[in-house]
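Below: the structure, in structure tokens.
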Amino acid sequence: MFINIFLFLFAATINISSSLRYAGFSSYIYTPNKYINNNVMDRKFIRRLNAVDESIKNNEHIIKLTDNAKNKIKQLVTEIEDKNLILKLCVENGGCKGLKYKLNPIKKEDIETDDYIQQFDELKFILSIDSTSVIYIYNNILDYSNDLINGGFKFINPNATKKCGCGKSFNV
């Protein structure tokens, strides 16, 4: 009887935690290797949350682009049929340091209602940022490199406390 109750409570806990994660709460509750017991947030993380809120209120850009990134985006816009390029940017678990960037082209109807939209009118380019990823992406710089090894879009993240050698994975 005790084992059945334990298994039921364990299964219910898993369902609740996965539904919280799906709803987007996991990024604010837990970041790998950052919080101590009982998910106590440290001061740096709370200051970063406040800075993100201020930037959003002031309509400031969450992410900045280098000239190389702007030139590549201009090239991509001229190559596609739809004259508005939309890229979805999010951070997900993975990589050797715990978190990794994901940047994919999407259609306008795929933008979610809680995404943060950053529009670059001069480039005819829209960046749709996943709401749970904003805290990790805030103040990043998007760069582009034509290098044969590790070429492509790269993120310069001043918030990262750890980075892997290839630059694809980070932790805050």
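From the backbone N, Cα and C atoms, a Cβ is placed for every residue, glycine too.
In the three-state DSSP classification, CYS164 ([4Fe-4S] cluster binding site) falls within coil. For CYS164 ([4Fe-4S] cluster binding site), the count of additional Cβ atoms within 10 Å of its Cβ stands at 14 [all protein chains shown]. Annotation comment: Swiss-Prot describes CYS96, CYS164, CYS166 as [4Fe-4S] cluster binding site.
Annotation source Swiss-Prot lists signal peptide at 1-19, citing sequence analysis.
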